[in-house]
Amino acid sequence: QKWSVGTICAGICKCGYPKIQHCDEAIKPEDYMGEQWDTHRHVREVPTDAFGDITFGGLGQKTGKYVRVSSDISSESLYQLMTEHWKLRSPNLLISVTGGAKNFYMKTHLKDKFRRGLIKVAQTTGAWILTGGTHAGVMKHVGMAVRDYTLSSGLMEGQIVVIGVAPWGVIHNRHTLVHPEGCFPAYYALDEQGQGRLSCLDINHTHFLLVDDGTHGHYGVEIELRARLEKLISQQTLGSRGSGVTIPVVCVVLDGGPGTLNTIYNAMLKHTPCVVLEGSGRLADVIAQVAALPVSKVTLVLISQLMKRFFGQEYKSFTEVQVIEWTKKIQDIVRMPHLLTVFRIDEDKNYDVDVAILQALLKASRSDEHAGRQSWERQLELAVAWNRVDIAESEIFTEESQWTSCDLHPAMFSALVGDKPEFVRLLLENGVCVGKFLEQEDKLTELYAHLPACFFLRKLAKRVQGGKIHRGQEPQPGSSKISLSHVAEEVRHLLGSFTQPLYGLSRHKMTGDDVRLAVPSKGLVDLPCLGEEWTPDTVWDPGRDLFLWAVVQNNTELAEIGWEQVQDCIAAALAACKILRKLAQESGEDDSEEAKEMRELASHYEKQAIGVFSECHSWDAQRAQKLLIRVSPSWGRSTCLWLALEADAKSFIAHSGVQGLLTQIWCGELSVDNPHWKVLLCMIFFPLIYTGFLIFSGSSQKPELEPLNCSSRLMSLFTSPQVKFYWNIASYFGFLWLFAVVLMIDFQAYPSWRELLLYVWLTSLVCEEFRQLYHDFDGSGFRRKAKMYISDLWNILDVLSIVLFIVGLVCRLQASGTVFYVGKVVLCIDFIIFSLRLMAIFTISRTLGPKIIIVRRMMMDLFFFMFLLSIWVVAYGVAKQGILIHNEERLNWIIRGAVYEPYLIIFGNVPTNIDSEHCSVNGSDPLKPKCPMLNDENMPAFPEWLTIIMLCVYLLFANILLLNLLIAIFNYTFQEVQDNTDTIWKFQRYELIKEYHSRPALPPPFILLSHLILFIRAVLLRYPPQRHKTFRQELEQTEEEELLSWEAYMKDNYLASTRQDESQSVEHRIQDTAEKSSDRDDGESSGQETDEEAAPHTFARQLQYPSSTVKRFPVPEEKVPWEVNFTPYLPPVYNEQDSMLNFILMNGFGRNPGGRTGIRGKGALKSLGPNHILHPVLTRWRDAEHKVLEFLAVWEEAEKHWALPGRLHSMCVFSVMQVYKGYVDDSRNTDNAWIETTIVTLHCDKHTPLMADLNRIVSRKYHFLSYCSDFCTI
């Protein structure tokens, strides 16, 4: 902030403050007598005393940030304050709104479009809006737009950043903002009635920069600081990737007067595009009226008429020179149509101002003549940063722009990392090839380095750091390095160990710097290790890589786009289902939002897999079933069927096509059309198979094939899994019958032949269990096989029954009679378990199979119910036992009285031990319970009324409440499972089919022969294990490519039908109608016509003379020729080196042939009249083939562009050709001095001594540029 000192007159200082508000040394007249007040000499800076939070009260309790700053503060400090202390994100766009500072009328339709469009562009692009900050004029309109957005969105603190840059000295009630230690918050009241000539802050702005230059009541002191701040922001890099694209700035103009015209003019000279709202009044309407006209028609008379029309009585205050200056500036503005966009209300083009703002920026970027392809790439970067697909479609991806896939790769990366799925889809539609985009492995590595905060990223960081990160602990930045092999390990963990790693080591030798893996809020982890080699077992699949990258971060829209790029789409969808469900399971937070989203996305991809497979199955069932068992190299050499089983995709397995494949496998070589009774009959009378009694699959499907011979038919019958199952069921019934006979009839001291046969039979069952445990059916490894074996309930029953049988057998073989009987008891209990195992045969039945599932679910419910019931049983039993029985010491009777009897009461069994006939008084009889305690009168000592109440309450809760609760639980479980029993049964049917497909053909006990053969082949002969091609099939490369192409075609059909169904839905029609009603037409231009005649010199009439503080007299277009009368023309005289030439100029010496320039003298030139200069065009061939032509260019730092070299003399060349000779429109020209040039072409030989001398001459200041000869015009 600043304090002012100066001459006090009538109690008011030149600074505008009263005498009493100055410090003591500032009001001493003798110290400043005779001095003129100067803001730089008589104002000093002190630490600010106004900063912090500001609240305006009222509806919503709006709160913002504010600070009082000096007008001389550096813009870098302000930007640092906003980004670091106010925590504002760097903008993707800066919108500077300028115009009328006083309240003005704007039509309702235009006002709504302005407010709605301004908020939309700020919200979609992440822009900052910069205004004057006061509650008046255009600033008030911006504030009302923010207010409307806040109220409609329901946010107390909006997401729109609106920064007000206002002069401190004109703020009404600013004393409420002052506090030496800051205000948190400061309460500011809006008082428009008492503000007088001051202004109130707008309550809808979010941040305020209050600029203080030590004055009071002076407007405009903030303009210079605001301009410097806008310039600094425009020099900041857009985004965080260092693409070279800077933050764009656009100026939006409403209404306005002279100050606004200067702002627009200076902004456009700095190449800042401007959007003018026609209909907002005054200056904006004047510019809008002439924007579509050629510059030659924008005359002094026309501007005067328009100013009279739109300024009204205010026009009378303008002088003739001011009108001339306005005309000149407006002509210069119209001469830059690429920077000027007029927003007009057009009923045929019903769009908001946001489209005009973004199109103005793109138009300005496209007009850069020196950028070429970089201009288009900059436009695309801006559109991606703004996330405006509509603008990109209409303005960038046009017929004029020819894009290659490589040109779009940076934008594709930005869209992926920035989570902009609509842009990703647009880029793919316009030529991005995923294969080329991910051709270099470091691109995929960089994508994983930019993963957003998600559970997979935390797991990956933990794996990189060797599992040293625990839950809730942040990974240490830079602790270790990572490569795609780490990603492959984590993905393999999620998919399952049965798969192979998707990524091996690096495909390419990397020599760049290490990439760092950004873990948001969790630190950084380095990427990747150098020098790794590519593993040939892995497959490069760019579509899969993109899809997997999107899936692991749980990004629904990007994953959908990636899935559309995958050829092996069914396997990809099932793999995504498996990964997402595994991630949701390992997250440990089942109710978390992230886990729910993962499960929803997993269900979505299960439906997608079902949809594509249904489309395939409807076209060709055989090819569709081949897709299920085809080995997928892209997904770890797994199959769709196995991925579906691992992903618990019950709905997919229940599909009729999958079930058809399982039924074919279940029947083996037998036809699925054979009735069960025929199969059972042929099992007993097998010669019937030679009579055509049974149909075999080969003869039914391909009649042209030769019929099976006798041995083949017999083998096909008995190796069918269906027949194996029937024989094993019959064998199991025989085992149970033999077991029951031994237990009830033939259990001797010494085993009989029946018992010995039972032992042999059990041995065959034990061997079969070992075969199932060690048999590697799908190559998943012993550990995984053992884990799967233990997870099956029927296998647990098998192991338990075998262990109990061995325990009973050991006890039975003992000589002691007691142990012998214990062994029989154990075997009897074991018989129960063997009998329960018989329920497994029902799993193949469509009717009884689902009922087994319901029983298992109810058993789980019963377990938890018994835990709840035990609380009531034990509570009542202990209380009853303590009241009735005094000091019972026998443990068995304690448990019986406290647990067993209360449990029986539930079922209506009332205890009888209260009577003395059924009890022992002192507990001396071990077969009777102890009698209740008696009093002196031999009557029961316990209060009967209390025990009756306890019994009633116990029966009320136990019998009525809890048992009915159990019935309700069973009913709920039944209803829940009944709806899905068919799906669950079909899912579990696979395990039974797989078991009997791999099972030997002979049933127990004859299966011992098969086990012996297997043992000899595996252990003695060391034959490799046989793989079952029925569940896993390797295809030839040609056949696989055809199958994948057909699958991709079916996927496209499915997606097209899905989109058609969505478009026909009622909800989609309503949404489509709403979008059409508010649809915005693309494209807005100023309508600038083309001048047919060449315009007079324009650079020579720039208002600011270069490298000086002198300003030219404004010369409108029509007043340039000397022949035209221009009475008010009084140009200043400027001579940079000699000021004694005024008398020569008065005689009209040396008039500029181009016309008036607005300044006299020789300016920065050396002499009056023409100043001659030579511009040689120096060219040479870069190569011997003469394909690339090089020319010499000079970078003009002041003008910020390339130019031809000048002032080169005495050069010997082989050939010289004059191209042009005459007047040059130069910014240094004056009325009396100008530049004339001669342009010649000089072509030099690259390998001559002359060229070496030339290189030494120009090497200090010139640079060679190369262009293909196709683009050079000499």
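Just so you know, glycine gets a Cβ as well, placed from its N, Cα and C.
Automated prediction, rather than curation, is the source of TrEMBL annotations.
Residues annotated as compositional bias 'Basic and acidic residues' in TrEMBL: 1059-1080.
According to TrEMBL, the compositional bias 'Acidic residues' annotation covers 1081-1093.
Residues or ranges marked as domain 'TRPM SLOG' in TrEMBL: 65-291. Summarised as a single figure, the pLDDT of the domain 'TRPM SLOG' (65-291) averages 86.
What TrEMBL lists as domain 'TRPM-like' is 395-655.
Annotated domain 'Ion transport' per TrEMBL: 726-981, in sequence order.
The region 'Disordered' annotation in TrEMBL covers 1057-1101.
Residues or ranges marked as transmembrane segment by TrEMBL: 725-750 (among others). For the transmembrane segment (725-750), the list of distant contacts is 679-680, 683, 718, 757-758, 761-762, 765, 820, 824, 827-828, 831, 834-835, 838, 841, 844, 992, 996, 999, 1002-1005: same-chain residues at least six beyond its ends, Cβ to Cβ under 8 Å.
Below 8 angstroms of C-beta separation, residues 759, 762, 765-766, 769, 772, 789, 822-827, 829-830, 833-834, 836-837 of the same chain, each at least six residues beyond the ends of the transmembrane segment (795-815), sit close to that stretch. The annotation transmembrane segment is assigned in TrEMBL to 795-815 (among others).
TrEMBL lists 821-842 (among others) with the feature transmembrane segment. When Cβ-Cβ distances below 8 Å are used as the criterion, the transmembrane segment (821-842) is approached by residues 725, 729, 732, 735-736, 739-740, 743, 747, 794, 797-798, 800-801, 804-805, 807-814, 848-849, 851-852, 992 of the same chain, each at least six residues removed from its ends.
The transmembrane segment annotation in TrEMBL covers 862-879 (among others).
Long-range neighbours of the transmembrane segment (945-970) within the same chain, counting only residues 6 or more positions beyond its ends whose Cβ lies under 8 Å from a Cβ of the stretch, are 858, 861-862, 865, 868-869, 872-873, 876, 879-880, 883-884, 902, 905-906. Per TrEMBL, the feature transmembrane segment maps to 945-970 (among others).
Taken from TrEMBL, the feature transmembrane segment applies to 1006-1023 (among others).
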Which residues of the chain, 6 or more past the ends of the transmembrane segment (1006-1023), have a CB below 8 A from one of its CBs?
760, 763-764, 767-768, 771, 1000
